[in-house]
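Asks: To start, I am sharing the structure in question, which I have written as structure tokens.
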Amino acid sequence: MGRAIMLQGTGSDVGKSLLVAGLCRAAKRRGISVAPFKPQNMSNNAAATTNGGEIGRAQALQAFACGLDPTVDMNPILLKPETETGSQVIVQGQRMTSVAAGDYAKLKPTLLGPVLDSFNRLKAQYDLIIVEGAGSPAEVNLRSNDIANMGFAEAAQVPVLLCGDINRGGVIAQVVGTQAVISPADAGMIKGFLINKFRGDPKLFDEGYEIIKNHTGWPGFGVLPWFTDAWKLPAEDAYDIKTPPRKGGLHIVCLHLSRIANFDDMDPLSHEPGVQMTMLRAGEVLPADADIVILPGSKSTRGDLAFLRAQGWDIDLAAHLRRGGHVLGLCGGYQMLGQSIADPDGIEGPPGTTEGLGFLDITTVMTPQKRVARITAKHAQSGAMFPAYEIHVGRTDGPDCARPFAYVHGQPDGAISQNAQVTGTYLHGMFTDDAFRAQWLAQFDVTQNASYTATVETTLDALATHLEAHADVDGILALAR
């Protein structure tokens, strides 16, 4: 059986996901058989596994850092928010139910079993498991039946490293305060701390570092400077999306929907020197110089269509098309482009039918069956083959489907308008393929100059080197039990 170490944070967005990816790559470079694990994640940015399940995309990146294909055991519980107060519950890759936030607490006691089953399977396969917590163990109001932080660490007997974020300020209180509010037993599970996101000269924090050690009795494992290349890796949270400031070239605008999903579809495009990528947020007007507008995936398609209209983006899109611009809809965004979206069974919310944007002559009916698959598709226009994945509910039909975007196992996918300005597809991840991305950009007279997979590989290596330069990586890995 393998050993394990768990990285928990003093709060959300302290950099846990990135640090786990970096530690995974550092362990792999040491010749260690390593895998990532996150008991519970909350994200609409999901990845498809080879066996038809879905997990958080952060765990897929961590698996990539280990040189592994992602499996459902790496993230056995995935919560996908559908509304402000409810989420879809994915257990070991498959949809279990949808629950309101208050009801999830009642469900949690039944989920520790599957979590431990997945964890133990990984331990039997690999020498080292690097576990990522969620949120913070200082949220002691959630400690009862916890499966994400100390509840899991206690059940699985995994030692913990606590990470604080100095960039947001108050990191001494973050770390010392965490020890103050958790139980002595939980505090005993924590074997040290790490400070992340320091800007400037880390030596300026020497005194603060010693204060934390003296107050907690925990050893420190380093002060990590801000990792400037983090934007080159897929973001887990939509609000963490960073695009390089770039003027000129092909201007692609992505609508930042309220329940945006699989937004990392845009990452490979944003890396291209010949592309200016803009994430359009609530209250902003679609730029008149936009060449292509992307409607991304959504966890609540009808709800996000209402959100889109509330921003006036439906009017902006119509004007954009009149100017000769192009529109690409991905998954939920594809469904929005049609004449109507019917949800008779209330799969994504209250039952009913919503009028679509009407830019494609198609209609969509939501169905209970969810399709999750990693596939190889054939581009209808060029015949080029490319890898992609699907995560969606719904069936789409209509006259414009006679002009498909691609073929999957010989079956048509997507639709293209008669004037070829509007395209929709259920496929995700297609732009990660360098050859296909080059071909797609060429139709807009843009030369592809970046290798996305190579960029991610290089950045993960740089991240591991960054950790090795500023943290006691060998000491951290030696904590594993």
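Positions of Cβ are set from backbone N, Cα and C atoms, glycine also.
From a predicted model like this one, the values you see are computed outputs, not experimental measurements.
According to Swiss-Prot, the record shows the following:
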DOMAIN    249-436  domain 'GATase cobBQ-type'
ACT_SITE  Cys331  active site, nucleophile
ACT_SITE  His428  active site
Asks: Sequence gap of 6 or more, C-beta under 8 Å: which same-chain residues meet both conditions with respect to the residue listed as 'active site'?
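Replies: In sequence order, Ala48, Asn262, Asp265, Gly297, Leu330, Cys331, Ala388, Tyr389, Glu390, Ile391 meet the Cβ cut-off.
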Asks: In which DSSP state, out of helix, strand and coil, do we find His428 (active site)?
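Replies: SS state of His428 (active site) = strand.
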Asks: For Cys331 (active site, nucleophile), list the number of other Cβ atoms lying within 10 Å of its Cβ atom.
Replies: 25
Asks: What is the pLDDT of the domain 'GATase cobBQ-type' (249-436) when averaged and given as a whole number?
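Replies: Result for the domain 'GATase cobBQ-type' (249-436): average pLDDT 96.
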Asks: DSSP three-state call for the residue listed as 'active site, nucleophile': helix, strand or coil?
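Replies: The residue listed as 'active site, nucleophile' sits in coil per DSSP, no helix or strand.
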